[in-house]
Amino acid sequence: MMDLFKAIGLGLVVLLPLANPLTTVALFLGLAGNMNSAERNRQSYMASVYVFAIMMVAYYAGQLVMNTFGISIPGLRIAGGLIVAFIGFRMLFPQQKAHESPEAKSKSEELADEPTANIAFVPLAMPSTAGPGTIAMIISSASTVRHGGEFPDWVIMVAPPIIFLAVAVILWGCLRSSGAIMRLVGKGGIEAISRLMGFLLVCMGVQFIINGVLEIIKTYH
């Protein structure tokens, strides 16, 4: 049972900086300004469902994609590390706010014409929460844990859905409490937390690259 708790804790530590629900909160507040309370709650719930579904598909279909295209684990680690480090760097030194992204601008224009337009999948679920970095991390981590032997097989079966469900529930809670969160920490607080998470992502991405290079050296030495 301790192995299960350890796996869940490790998964949340790895995924939450990438998912970064607080950034999604800021985006949600910018896009849902004209929605009533019931519609906001519905969008919050649907965004969480979409995030859970995207993560599950990435985890279970990732190995199939790797086998189909002949992608090695070291190659995936290096590519995933580059993506994660790049996303972290952009969070450390943002060139644009979350609500100024192309996806958010496109959805804002759609909302101007149709105030009840769906914002749950794009941009809240993807790319804001379960974006390329999150998907790359999930696929890479799936390959690592399956071949690493660090956790028992039953933990590897049970832990991922629980981790993804926990991330989805955290996102849902943040979106439902978006107004209170914004009043509590403010835009400056969200920006500071995002930069801290960005630094962690840069470190994680660099470590992924190092691990991939070391594995290549070990394989071909």
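The backbone N, Cα and C atoms fix where each Cβ goes, glycine too.
Owing to the predicted nature of the structure, the values given are computational and were not obtained by experimental measurement.
With respect to the membrane, Ser37 and Lys218 are recorded by Swiss-Prot on different sides. Counting Cβ pairs under 8 Å to the transmembrane segment (197-217), the stretch among 8-28, 46-66, 119-139, 155-175 with the most such contacts is 8-28. Remote same-chain partners of the transmembrane segment (155-175), defined as residues 6 or more beyond its termini with a Cβ less than 8 Å from a stretch Cβ, comprise 3-4, 7-8, 11-12, 15-16, 19, 21-22, 24-25, 28, 40, 43-45, 47-49, 51-52, 55-56, 59, 124, 129, 142, 145-146, 181. Helix, strand and coil counts from DSSP across the topological domain 'Cytoplasmic' (176-196) read 20 helix, 0 strand, 1 coil.
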